[in-house]
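Asker: Summarising the annotation, TrEMBL assigns domain 'Major facilitator superfamily (MFS) profile' to 34-658. What TrEMBL records for 459-514 is domain 'Kazal-like'. Annotation comment: TrEMBL describes 31-47, 68-88, 100-122, 209-230, 263-283, 344-362, 382-402, 414-434, 539-566, 587-609, 629-653 as transmembrane segment.
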Amino acid sequence: MKKMNNTATDSWIVDSNPDSSTVKNSCHPNLKMFLAALSFAYFAKALSGSYMKSTITQLERRFDIPSYLIGIIDGSFEIGNLLVIAFVSYFCAKLHRPKIIAIGCILMSFGTFLIAMPHFIIGRYKIETSIRSSVNSTNNLSPCPASSPESLWAGDRPSILPSRGCEKESSVSMWIYVLLGNILRGIGETPVQPLGISYIDDYAQSDNAALYIGCVQTISIIGPVFGYLLGSLCAKIYVDIGYVDMETIIITPGDARWVGAWWLGYLIAGAITLMSAVPFWFLPKSLPMPVEKHDTNCTPEQTRFIKDSPGLKHKFRPEEPANLHLMASEFVPTLKSLLGNPVYTIYLCVTIVQFNSLIGMVTYKPKYIEQHYGQSASKANFLMGMINIPAVALGMFSGGVVMKKYKLTIMGAAKFAFGTSLLGYFLSLLFFAMGCENAKVAGITVSYSGVGGLSYQEQSLISVCNSDCSCTSREWDPVCGENGITYVSPCLAGCNSSTGSGKNTVFNNCKCLAVANTQPGNLTATLGQCPHRDSCEKVFPYFLAMSVLSSFIISLGGTPGFMLLVRCIKPELKSLALGIHTLATRTLAGIPAPIYFGAIIDTTCLKWGYKMCGGRGACRIYDTSAYRIVYLGLTLGLRTVSFFLCILGFALLKRHIKKEEKHVLTNGSAELETLRKEENSSIHCEQFILALDCNPDRETRL
């Protein structure tokens, strides 16, 4: 037995027959470590990314910003990717890939910490309310004052309008730190996917590569599970926990003004991301390549150490520093070669359109559950993490297993991905039938007499029953009347007195309740919006079940579709292709989708909140019917467009496969002769290697 001085070839065993080219390979220990490290990195980045989406409504309320601005903040992650993705995918693919990934993880963690920073430098959150928070006060509050608003705001009732001594709050600019932190997260995340996936595909056997990538992506789906669960937990905790007496907080997590401890989850996610960088520092730059990916002139061990040279067929190849000038000069021709592949180009177009639909849908789905079905942010995030995301993980893993078990070809993978996407599309159409009616809010969705179909205007909030109360129509301090109708504030409900304090405040003699109620007597109202009707509660479980089923079916095609991208291009273009794919989808989908989805959702807002020092704040209540139509309509409309592009893609792919088959048949005899020559050359190369290096430390058995 001859031992060769290279520990990287421990898992390779060559037959004693010098003519044999059979190479047996088990998963190399370093490849196993890389798989584990990459899975953890995927988990960490998915955790922080999903936690960002789970805090959308919290950030809106904390910084008093509309949905389209939240979309800009969410899309800033993709802007960070855009800044460096081409450089990382092309240049860094030829450097030490594991260490580049480690640096990226460190940058991601710093960005996550930066997002949480505004909490520690901004002032305490001030709730927009007219209710006295002191639990020890014995004086009754008169919700319906006869005095003018100016004198009222100067008294003991806080205002959401500009008042004396009002200073511009720092929250106006604090969201900029969140934006910058998310950009830094995007820069750090850039090398993880293109360099990690290409590393696996380079050094894993072709039959196992799809399964390994499927496993990594499946484990990465576990990240959003914990991300949304973390978001659910933090949404239950008040934003200024530890700084305020919770007995003085008069709102609950289900209130449209509630802000959870959004900052806490970012600290946790940042720490996890920082830990994910550690294993990559201990991994080698390269691993032994499987025989089917090897240069056929020599055996797998040989290609790693030899290269063409005058006078000799091969010689040892020492590790050389990367020639950045040469790499730069080759970039444009390489890019032209890649984009000249019509199958790759149409694949890009399809995924860009589908990613627009997917990103917009996922970004605002928790908010859709909150607004449409009356769930709290905490419950919406919990349901996303425990029900929806696991279905996606199971679907992606199952897709990888199907591809490995049935050994799907490129065309087979394309048909499978298209079929699952189409079936999921038809199931998603059923969501239109699973709607809820608008909540009954006097002066917004119904009149004060309880008649629906009201077209909202600011003036409609003022009625005969509250006209003598000097109410402002700008505040949002909802109370639920005995008649099941929500009123924007106790003043607009015409309530003359109140008893109790804090969360236990009850408003009495509310005149506007009598308009929609024929029964005389003391009509009271309590804090908060009225709950949704039973009919909405009954349809919600069906929505969840259909959401899980459609998510599972659509995600079945995720791994085969991804492998289609990897297999339709030349091996040397793999890293660049993955990088350009990531660049295109994030530039043309990840950045604009949250923005225009948010802008369209903003058009369905019925009542905006206002900042303490004036100016429009976050939306308090939406037209749920309009929200459902624009949200689902835009999501499914984009997917419809992608299906038409898929038809063109199938035609191009079929033509490409026929062209390749024709090429193989034409050159078959020539290739057979070449293989015979290569077999003889392989024996020569093998003898050359043994003559040059007979070090007993090598463990390759001949």
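Keep in mind that glycine also has a Cβ here, set from the backbone N, Cα and C atoms.
What you see is a predicted model, and the numbers here were worked out from it, not measured in a lab.
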Asker: Same chain, outside the transmembrane segment (382-402) by at least 6, Cβ under 8 Å from its Cβ: which residues?
Answerer: 50, 54, 210-211, 213-215, 217-218, 221-222, 224-229, 231-232, 365-366, 369, 375, 408, 416, 420, 544, 547-549, 551-560
Asker: How many of the residues that make up the domain 'Kazal-like' (459-514) does DSSP mark as helix, as strand and as coil?
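Answerer: Reading the DSSP string over the domain 'Kazal-like' (459-514) gives 13 helix, 11 strand, 32 coil.
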Asker: Would the transmembrane segment (629-653) count as touching the transmembrane segment (587-609), i.e. at least 3 C-beta pairs under 8 angstroms with sequence separation of 6+?
Answerer: yes
Asker: Would you kindly list the residues that approach the transmembrane segment (31-47) from elsewhere in its chain, counting only those six or more residues past its ends and only Cβ-Cβ distances under 8 Å?
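Answerer: Residues 98, 101, 105, 108, 189, 192, 196, 199-200, 203-204, 212, 215-217, 219-224, 226-227, 230, 269, 272-273, 275-277, 279-280, 282-283, 287.
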Asker: Are there residues at least six beyond either end of the transmembrane segment (209-230) with Cβ under 8 Å to its Cβ atoms? List them, or say none.
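Answerer: Long-range Cβ neighbours of the transmembrane segment (209-230): 35, 38-39, 42-51, 53-54, 196-197, 200-201, 265, 268-269, 366, 381-382, 384-386, 389-390, 392-393, 396-397, 399-401, 403-404, 558-560, 562-563, 566.
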Asker: Could you give the residue numbers and ranges of same-chain residues that sit at least 6 residues beyond the transmembrane segment (68-88) on either side and whose C-beta is under 8 angstroms from one of its C-beta atoms?
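Answerer: Same-chain contacts beyond the ends: 49, 52-53, 56, 59-60, 100, 111, 175, 178-180, 182-191, 194-195, 363, 579-580, 582-583, 586-587, 590-599, 602.
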